[in-house]
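Student: Please find one structure pasted underneath; my questions will follow.
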């Protein structure tokens with residue numbers, strides 16, 4: 001143990017630095033690990049949370065690993081407590097005294113110095129340096145595919161593109177083919193099932209890690225409460241931006257609400273980013289609770305504004321109602337064109353964002369903006385927990401107050417028109433209509449195409465549009481695309497179409513005038529050249545005719561002919 005006494009400075013083996021260093025190197029290192037299971041097992045035992053190895057054996061294992069790392073010329077560090085005396089001192093105590101075990105207070109420069117040996121030291125093989133603790137590293141392809149959720153809203157053609165090999169390595173191509181087969185087989189089984197079985201998807205369970213929510217976010221206040229859970233206004237510590245963090249009330253793993261939570265994540269991931277849909281950033285699970293990181297809308301929900309208006313006896317004016325209807329229709333158009341349907345449109349699921357314009361740049365912001373909304377307010381669709389596919393619907397009924405009758409009758413042939421129905425009732429509430437009934441005679445009266453009583457005077461054209469949106473026959477209701485082009489909501493668009501028609505007529509007139517002018521100029525040119533042509537004609541008539549015959553040989557005439565064409 002003399003070497004141990006003289007070299008009591010133990011250089012830390014930085015296994016956390018085994019980052020990805022390139023595709024080819026990672027593949028070679030994984031092959032090295034799979035071909036040397038003894039080293040891999042020793043390393044896992046040394047870091048295992050199971051009861052510790054006896055001290056003498058542990059010291060022997062450690063010395064065998066670090067003998068080639070420690071330089072005999074290294075001096076003891078003053079910051080490390082020296083260990084004298086009994087050689088049976090547990091190694092893990094000395095290890096902890098180094099204070100370099102990935103503590104958040106250790107400078108990165110110090111970690112980098114202790115993570116590499118001295119220039120004269122012997123470098124260990126790369127395979128040992130890049131050992132990983134991945135428990136599923138030895139799983140076969142089918143097992144790995146079973147641990148991946150299948151997004152039911154992803155188009156099949158796009159899902160197949162995910163596993164197209166790039167042709168760089170045959171081993172990678174073969175692995176991708178096996179994964180694609182397992183993945184597609186699982187997707188087909190899930191598509192045929194009416195409900196996804198808990199055993200067929202990745203459960204909502206954490207991995208005993210430090211709370212990501214507490215580590216990455218600073219909670220400011222609770223801004224909303226719903227059936228699913230609570231929404232908190234938080235600042236992300238890394239970028240300093242404000243986000244809305246949605247956390248489920250109850251543990252969802254294995255419960256009936258788990259599918260709703262996953263459906264919202266699936267829909268957000270597929271829809272991507274649209275100015276009239278609340279933006280999605282991330283989602284994860286902690287203690288079996290689903291946590292979703294979304295865009296924070298600084299104006300709250302439309303329901304919050306309606307409650308404030310009710311207290312003050314106010315309601316949205318006509319121009320504002322048209323703007324809300326138009327913007328939400330744009331969001332629905334994007335959702336419907338993506339092959340999905342929302343099925344829970346109501347004031348509490350429409351969120352408001354006030355644009356923040358820097359002073360002195362208002363004119364530039366207006367000129368660079370692509371939209372035509374001058375109020376600086378954006379209305380966005382959120383809460384995608386009831387979203388389902390139009391082609392393969394798995395319908396969960398939303399709020400009965402906004403539910404179309406065909407959904408209650410389980411007639412899912414025109415699902416997008418159910419969103420149009422709910423949007424019309426949402427606009428009626430914003431216009432000042434009273435609370436909607438959950439059932440009863442008034443509920444059926446509305447389903448017959450009757451708009452609830454609105455206290456303010458609105459144009460007949462706008463009222464007729466709302467009535468058309470709640471027509472008993474869903475085929476008679478306008479689509480979201482038609483609403484975005486409706487002349488009542490976008491009169492400027494109709495005016496632009498009219499001006500375009502007038503422009504086309506004027507272009508035709510201009511083209512005709514140009515042709516007439518060209519013909520007139522051509523005729524004038526011919527008139528100028530006509531006297532010269534007549535003089536040449538008269539001269540040819542008065543002049544004697546020339547003999548055009550050709551004499552060949554003995555002054556004999558030779559005739560010739562030619563073909564025109």
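The backbone N, Cα and C atoms fix where each Cβ goes, glycine too.
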Student: Can you dig out which of the ranges 496-522, 523-549 Swiss-Prot describes as coiled coil?
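Tutor: The listed stretch tagged coiled coil in Swiss-Prot is 496-522.
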Student: Would you identify which residue of 246, 311 Swiss-Prot lists as part of the ATP site it also attributes to 223, 224, 225, 226, 227, 228, 229, 230, 231?
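Tutor: My reading of Swiss-Prot gives 246 as the candidate in that site.
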Student: What whole-number distance in angstrom separates the two most remote CA atoms of the ATP-binding residues 223, 224, 225, 226, 227, 228, 229, 230, 231, 246?
Tutor: 14
Student: When you measure from the Cβ of residue 231 (ATP binding site), how many other Cβ atoms are you left with inside 10 Å?
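Tutor: Total other Cβ atoms inside 10 Å, all chains included: 21.
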Student: List the Cα distance (Å, whole number) between residue 229 (ATP binding site) and residue 349 (Mg(2+) binding site).
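Tutor: Residue 349 (Mg(2+) binding site) has its Cα 14 Å from the Cα of residue 229 (ATP binding site).
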Student: Averaged over the domain 'Protein kinase' (217-493), what pLDDT does the predicted model reach?
Tutor: 89
Student: What Cα-Cα separation, expressed in whole Å, is found between residue 231 (ATP binding site) and residue 383 (Mg(2+) binding site)?
Tutor: 11
Student: Does anything in the same chain, at least 6 positions from residue 349 (Mg(2+) binding site), have a Cβ under 8 Å from its Cβ, and if so what?
Tutor: 301, 342, 381, 382, 383
Student: Counting Cβ atoms within 10 Å across all protein chains shown, which of the binding-site residues 223, 225 comes out on top?
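Tutor: Buried the deepest by this measure is 223.
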Student: Give the helix, strand or coil assignment DSSP yields for residue 229 (ATP binding site).
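Tutor: Residue 229 (ATP binding site) sits in a strand per DSSP.
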